[in-house]
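> Under the heading compositional bias 'Low complexity', Swiss-Prot lists 49-58. The compositional bias 'Acidic residues' annotation in Swiss-Prot covers 59-73. According to Swiss-Prot, the feature repeat 'WD 1' maps to 87-126. The repeat 'WD 2' annotation in Swiss-Prot covers 195-235. The repeat 'WD 5' annotation in Swiss-Prot covers 393-433.
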Amino acid sequence: MDGTNNTIPLQFGKQAQTYDINALIARFIRPKESFLINSVEKESESKLNSKSTTLQSSDSEDWDSEENEDDITDVGVPGSHEIMFPGHSKIVTTTTFDKNGSRFYTGSLDNTIHCWDLNGLSATNPHPFKIIDPTDTNADNVGRYPVSKLSCSTKNQILALYTHSQPILYDRDGSLIVRFSKGDQYIRNMYNTKGHIAEITDGCWQPDSSQIFLTTGYDSTARIWDVNRTKSQLEVFVHVPEGSHTGLSRIPVTSCAWNPAKPDNFATAVLDGSIQFWQKGSRTKRPVMKIKDAHLPQQGISCLSFSQDGNYLLSRGEDNALRVWDLRNSNKCVNERIDILTPKAGGNAIFSPTQKLILAGSTAVNSMKAPLFVLDAMTLDTKATLFFDSKSTVTASVSAVSWNEKINQVSLGSADGNAYVLFSPNESIRGVKDAAMRPPKSKHIDDDLSSTVHINSLSGSAGTSDFGLVEETTESASAYFLEARRRRNAVRKDPKLSRQPQVGRLLEENSVDDIPLATMLNEDPREALLKYADVAKSNPMFTKMYSETQPTPIYQGVTEGDISSEEGNPSKKQKR
């Protein structure tokens, strides 16, 4: 009877298919080689629990997925599982989530922004629902500019900063909202300009605001903008180097950050190695505080980040230095690390939502794996290191990192053009976790490309192999046929590849000779008259009598005197 019950359904209708959620999530677990937990942390925990041999045998073959998740989760980072987002052809310089964590955006040096919908994402084969490329809509007036920074407001407006002088605002669907104005590059006084006159380097939204944002640029200014005022900025703050006059010399402002505890205060980093603090609405337009020689001059400070209480500032420079500053006593940094290499593009560092950790990506050294360092926020000691394999010959590096507190997921950008989102099944909610728990879609029989015949291939269309069989590929059937259709359309435009024959005559052209007077516009009247000249001479119809009475025509003779007298007498001239 047990065998009969297994084969015969106990109810009518279509049976719902059940899936093992743990098995679905296990597909995206990170291997144990991609983690390196600090040994000091392990030894201290093993002494507290002498009965547990988990940490002492972490390198053994009995290491399973649950232990993997426990190790990295105990550190405080939801990084036991990952989903990779491919698509960019160059370094991913910036990544960001929207406020609710339902949308994910990546920007790259390939000049494009990829928009990902995490609610409808296929975890095994993710594709962006939109790719923003400004040259697609305005190729004549817009050049090729890499994306330097993306930032989402509380109303999910995307602030996109390219390596030109105009900030751009998109909505959450990737549609253009507004392009802000640029300044007059021939005006030397930056206070009189209405926008940046040089490349923008960094920008961010004011905390808990969807109307005010800040940008910095190579024109030695920091500018505050209002989304409702697109023709000019609200305020301009000009960095004046010591020993120079206003407008005579310019030094780039490389990064900026708002103070969450004091929303009207912000900090800027300058190429001379200093960090300056400003106040919005100040009449003097001068910094209220300055940290000189925070980093080496002419190296650039790639990142500034405040703690939530506003007492600590994190700075990272291209001199491979990572420093934490106590703003209550800024004469000397609290701690620093100079052994973490800064990537050439991107290279930011952030505080965790608990303010206890710092995440900083770095460049691989003597290996093909890019490291992400998890540091203690105060001591800057390494608590864990996460490694990511490089899928290309480019030097592996983690170039961008962001953390969404609401869904508790971490996004990364790498030098090989891929982006990653880290999550934990127990600690994370929604986002890519829902995509990982979603079962794969049932495939149609035609999705098996090895047994599918492309109908258009019978006529020798492009994109197919011999005998009408579809080429072997790892793409889905719909994606393959879409690409094949694009190739066929491109081939049709080439007369040689498409083997176009010479165009024949139309039906009207064949019957035009039968229509009287159909070709009068194309005839020469002089040529038509001369055609009858010989006939008129041999057989004249109207002057035949003159051939007998006057065979030789006799014309009246005209002398020069008659011509001159006729010219002198205006009465003899014919009136027109």
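Backbone N, Cα and C define each Cβ position, glycine as well.
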> What does the DSSP secondary structure composition of the repeat 'WD 1' (87-126) look like, as residue counts for helix, strand and coil?
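So the counts come to 0 helix, 17 strand, 23 coil.
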> So what's the average pLDDT for the repeat 'WD 5' (393-433)?
90
> As a quick check of your reading of DSSP, tell me how many residues in the repeat 'WD 2' (195-235) are helical, how many are strand and how many are coil.
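In the repeat 'WD 2' (195-235), the DSSP-based counts are 0 helix, 20 strand, 21 coil.
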